[in-house]
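Here TrEMBL flags 43-61, 135-155, 167-186, 192-212, 224-241, 290-309, 376-395, 407-428, 434-453, 462-480 as transmembrane segment. Among the features that TrEMBL reports, domain 'DUF1736' is placed at 315-387. Here TrEMBL flags 569-602, 671-704 as repeat 'TPR'.
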C-alpha cells in the first residue's frame, strides 16, 4: 500500500513513457518499487520539502547576532561601505589581511560579499535580514536535493526530447526530507556565520546538476557537452570561494561520471590494473570520453587550488593546542586514534543528533591515550560499518547496489576530507557545520537501507510510520535547537549540559554575564574556563578583575594569557588600558605598540597611543604616531579625528580642518567630530563655521560635554562683535 499514488513520473510527457527510456534504463532496478511512501508530482514534492524545511528553522528569523557572528559580521570592516570592495579579495573571512600572521586563512570573499549586501540593504547591523537569507538558502538547497537525490538514487536518464526523468520519486522525496529536517544543520541555518556552508552547498549542488546536464544529448554515453563540464568546474570554483569544502564537488563529479555514466566496476578495474591487463578500455576507463572529462575536472581543480594558494600568500594558519589537541600529540598512534574517534563522533551526530553544542573544543572531548580506553569501541563500530559498506560497494553482484553505496559513501566522505586533519591541521575538534554536505551521503545510505528493509518487511506501513516518526522528531528538535540559537545566553547555557568540560563554554557564559554587568558571577565561569590554559579566558578574567579594581590580579591574568598565546594583540591592548588607568604611561605605550606590531590594523591601540601622547603634552610624538597609523589604516575615521585634534593643538589648522572634514564625511553623525571641528574654527577665528558645527553637534547630542558651554561662549562673543559693529 502507498500513502499517496496520485501522479506519474516526474517530467513524463507521453502516455507510452517506456519509449522515451534508453535501453539500459529498462533493466535498471527500481528503488521505489517496494517502498511504501508518498508519491507526489515533482512540484508538489518540492513545495512540501520547502515548507517543512522552513518550519524547522522559521523561529530563528528574529534571533540576535551570536557567537562567531560578532567577529565575522559586527567587527568585520569589510562589510562597511567605506571599505573598498577590492579588499574582500585580499582579506580572510574575519576581515584580516591574508598575509597577516593572525589570519585564519579562511578565504570566503563571496560569503562576505553577501554579508555586505545584507548590511547595506538593512542600513546597519540588524540581524533579521541576515537570518531570513539563511533560511531561504536552506529551503532552496533542500528543494534542489529532490533533483539531486532523484539522480543519485534513480540514475541519470533523459527522454528523447532531453528532459530528465525522475526514476525514484518516492525515495528522492524521503531523502530530501531527511536532509531538510536534520537537526545538525541548525548551526548553519540559525547561526549567521553558517552562511558560508549554505552558499557553498548551493553552488556545490548547482555544479553537480550542471555536470549532469553535460549528458542531456547523450546516447549511450558517447556524446557530452564540454560547455556544461566547464560550467560545472566554474561553479565548483564559486562554491570554494564561499567555503573551502566546495572544491570537493569536482572529485564527486568524477566519481559520478565513472559509476553512473560509464557504469564502471571499480573492483574489476582494480583487478585489471593489478594484473596489468591491456583491455582497460573494455573496463570503461577510456570509453565515452571519461578520461578526457576527468582530465578537465582535475586540471580545473588543480588550477583553482593553485590560485587559492597564491592568494593565501603564506603557509597554513597557526592554531593552538586547545583548538585541536590531538593534532599536537607527539605520538602518531595517539593522533590517529583520536582522529578516528572524532570521525565516529561525527557519524554519531548524523545518526543521533540529540547532543548538539556550538563548540566541541577546549577539553570537551578528552584525548584517548591508550587502547584500554573504553571509547575505542566507537572506533571499532565505525570501521566495522564502513568496511562492511565498502565491501558491499565493491564486491556486490548487484550493479545498482554497488552504484548507490559507492555514491553514498562518496558524498559522505569526500566533502568531509578538508575537515579530517589528514591533509592539514584544522582549528576545531568537531564542528557541526562541516557535516552539512556529508549529510547528503548519510541521507542516501539511510534511504537505501529503508528501501532494503521495505523489500523484506511484510508490514510496510509500520516501517513507513516509523520513518515518519523520525522526521517528526527531527522537526521538533530543529525548532528547539533554533530557539537556543536565538540568543547567546540560551546558546551558551544549552552547551553546559552537553560539554561541561569545555572551557570555551564556561568562558562564553562568563563573558555573557560580564557584558550584562554581573561581574562576580562571571569570575566563577572564567575560573572554570582557565583550567586548560585558555588564553581568551585569562584575558577576559583580567578585564573583569580590572573593572572590579583588582589591578594586580588583572595584570597577572593578562600576562598569563600572553604566556599561553604569544601573539595576542587584543590582550596587549587591554594590558595597555590597565597601565593607563594606573598612570604607568610608558608601560601602556609599550603594550599598545606590541598590539600594533602583531596586528597593524589594530585601530583601538593606535588611537589610545595618540590620545595618551596628546593628553600628556607630547604633541610631536602623537602626530608622528597618528601619521604612521593612517598610512596603515587610511580609511579609519577615528584615527583621522584623533590626529586632527593633535594638529589643531599644534596650530596646523588647515591640515586639521581637512582631516576633520574627511572624518565627518565618513561618519557624519558623530557629535564629537562636529564639536571638535567647531572648537578648531573657534580658535582659528572662523566664527560662523564654528557656530554652524556647534549647532550640528548639539542637534546630534544635546548633552555633549563642553559643547554647550563653548557654544554659549561663542554666542556671547558674536553678540559683542555685533554691538561693536553697530556702535
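Including glycine, each Cβ sits where the backbone N, Cα and C put it.
Automated prediction, rather than curation, is the source of TrEMBL annotations.
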Fill in: DSSP-derived helix, strand and coil totals, residue by residue, for the repeat 'TPR' (569-602)
27 helix, 0 strand, 7 coil
Item to complete: With DSSP as the reference, give the number of residues of the domain 'DUF1736' (315-387) in helix, strand and coil.
Response: 36 helix, 0 strand, 37 coil
Discussion item. Could you tell me the mean pLDDT the prediction assigns to the repeat 'TPR' (671-704)?
Written reply: 87
Worksheet item: Who are the chain neighbours of the repeat 'TPR' (569-602) in space, where the CB to CB distance is under 8 Å and they lie at least 6 residues beyond its ends?
Response: 96-97, 100-102, 535, 539, 542-543, 546, 551, 554-555, 558-559, 561-562, 608-609, 612-613, 616, 629, 632-633
Discussion item. Using Cβ atoms and a strict cutoff of less than 8 Å, what residues sit near the transmembrane segment (290-309) while being 6 or more residues removed from its termini?
Written reply: 107, 214, 224, 226, 229-230, 232-233, 236-237, 240, 247, 250-251, 253-254, 257-258, 261-262, 264, 284
Fill in: Segment-segment contact (the transmembrane segment (192-212); the transmembrane segment (224-241)) at 3 or more Cβ pairs under 8 Å
yes
